[in-house]
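Per Swiss-Prot, the features are:
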| type | residues | note |
| --- | --- | --- |
| ACT_SITE | 53 | active site, nucleophile |
| BINDING | 111 | substrate binding site |
């Protein structure tokens, strides 16, 4: 058996999330169907770095699976992409030892969130950005990002549906935002993220940009450990799982 690590991109618009569900089209479902066909009717279970919700996209999701087939890495990529629908692509395939695990070996994850900040929505971007018609104050949001960096208990920024039973302490190494034209890109890089954590943080950052909150309010929100202190969870379509990094052979890859 060989362990294969795959870097996967997908457009989440037409998927009911990543995790397989009966009677729903999911990313895991189409990946496992492609592997089923490659293995001539044998079911192959995949493991992912994490799950994404309905409408959330991925540039660099990572999965692994074990296969008895002896195929060169480059041929794996070509074969799988031939069997996959157009909204899912294998970007890279690497052979790994059995110690590698797509979920448990993760060192760092990076998410990006895109906001279209102009009066009128763009019909061609509607499934790929969050539209905010009110002018946002970029400098205030940049200041607020700094308060999210570091090691904190992110209970206030975790969905009530979170399955995490233990500590909700996480470390964010980098949080920032920058603007290009009318598009604002937010970047979150950390050791791990709670369920809906990025989308809840985005809700607060947008409120700061609108002048509804002050940047330093994040200090009190973190201390309160109360999800009710924060408003809605932001829409999924602006969110992208950008990159997953692993510590392998002493290198962060």
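Just so it is clear, glycine is given a Cβ too, placed from its N, Cα and C backbone atoms.
It is 13 Å from the Cα atom of residue 111 (substrate binding site) to that of residue 53 (active site, nucleophile). Look at residue 111 (substrate binding site): DSSP puts it in a strand.
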